[in-house]
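Participant: Annotation comment: Swiss-Prot describes 10, 138 as active site, evidence class sequence analysis. According to Swiss-Prot, the ATP binding site annotation covers 96, 97, 98, 99, 100, 101, 102, 103, 104, 105, 106.
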């Protein structure tokens, strides 16, 4: 059986830093919106673990050793279960690295769910999320696969229902280090704790914001230019995560496609819709149902 699964992007519709723990981790509040656009992972039978990476539209400089979160996820799954099974994993990369759209975390989550199915391990989402949290604070939200209001260091996740909005996501061609942003002394770390609003439409209003945005634009003026360009063309703009990607909510997908044609040189972008259930869960469920049907019929998978 060969299994092909998506690793969807996310947006932080807002990001408040509400404190800092004694261990250095930041307390936060955020809303995660999952998108119907992202990377793709393919799992093929093999005796050992291996990873190949392909960058869509260009040559890949992504690591294929254990420094890659995909292989870290696979090794963690093996260690947790005692499994010694292998798989040939192929990553098709579309999401920018250091973009704030969760590319590495989403890849890791897809590796966990994909290999859990591929190796027939039978772990629950809670068990996979626990493993995922050791890889990164954003991994659990991709494991659970729901739009979410998140708190703590990002591990306290409450599923929510968001409008299925269209977004334009723009990457200004720079890489932002999360550690650099969170380590900046000017970063706001005392935003008052908010309550889940009655209307989730309000999370894109001024009451909510991204605390990392001011610091990121100081370090990387291109982010400020991106926000200004988006505001000029759509009337709204916000940075996701610690950057560098910025986004605007659109009136529809067609508006986004038109704006993509107008992007300044060296910028890239994509248009996507938010979805309350991850494409990963939808496609994995369909693949497993098809596999069971094929197995019961006696035909080769």
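Every residue, even glycine, has its Cβ placed from backbone N, Cα and C.
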Participant: Determine, to the nearest whole angstrom, how far the Cα atom of residue 96 (ATP binding site) is from the Cα atom of residue 138 (active site).
Facilitator: 16
Participant: Report the member of 96, 98, 100 (the binding-site residues) whose C-beta atom has the most other C-beta atoms within 10 angstroms.
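Facilitator: Within the set of binding-site residues, the most crowded position is 100.
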Participant: List, in sequence order, the residues of the same chain other than 96, 97, 98, 99, 100, 101, 102, 103, 104, 105, 106 whose Cβ lies within 8 Å of the centroid of the Cβ atoms of the recorded ATP site.
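Facilitator: The surrounding set, listed in chain order, is 9, 95, 241, 245.
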Participant: Given the binding-site residues 98, 102, 104, state which is nearest to residue 138 (active site) when distance is taken between Cα atoms.
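Facilitator: Minimum Cα distance from residue 138 (active site) across 98, 102, 104 lands on 102.
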Participant: Roughly how many angstrom lie between the C-alpha atoms of residue 102 (ATP binding site) and residue 10 (active site)?
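Facilitator: Cα of residue 102 (ATP binding site) to Cα of residue 10 (active site) measures 6 Å after rounding.
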Participant: In sequence order, which residues at least six apart in the same chain have a CB under 8 Å from the CB of residue 106 (ATP binding site)?
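Facilitator: The list for residue 106 (ATP binding site) reads 7, 8, 9, 10, 38, 39, 95, 138, 142, given in order along the sequence.
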Participant: When a 10 Å sphere is centred on the Cβ of residue 10 (active site), how many other Cβ atoms does it contain?
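Facilitator: 28, counting other Cβ atoms within 10 Å of residue 10 (active site).
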Participant: Applying a 10 Å Cβ distance cut-off over all chains shown, what neighbour count does residue 138 (active site) have?
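Facilitator: I count 27 other Cβ atoms within 10 Å of it.
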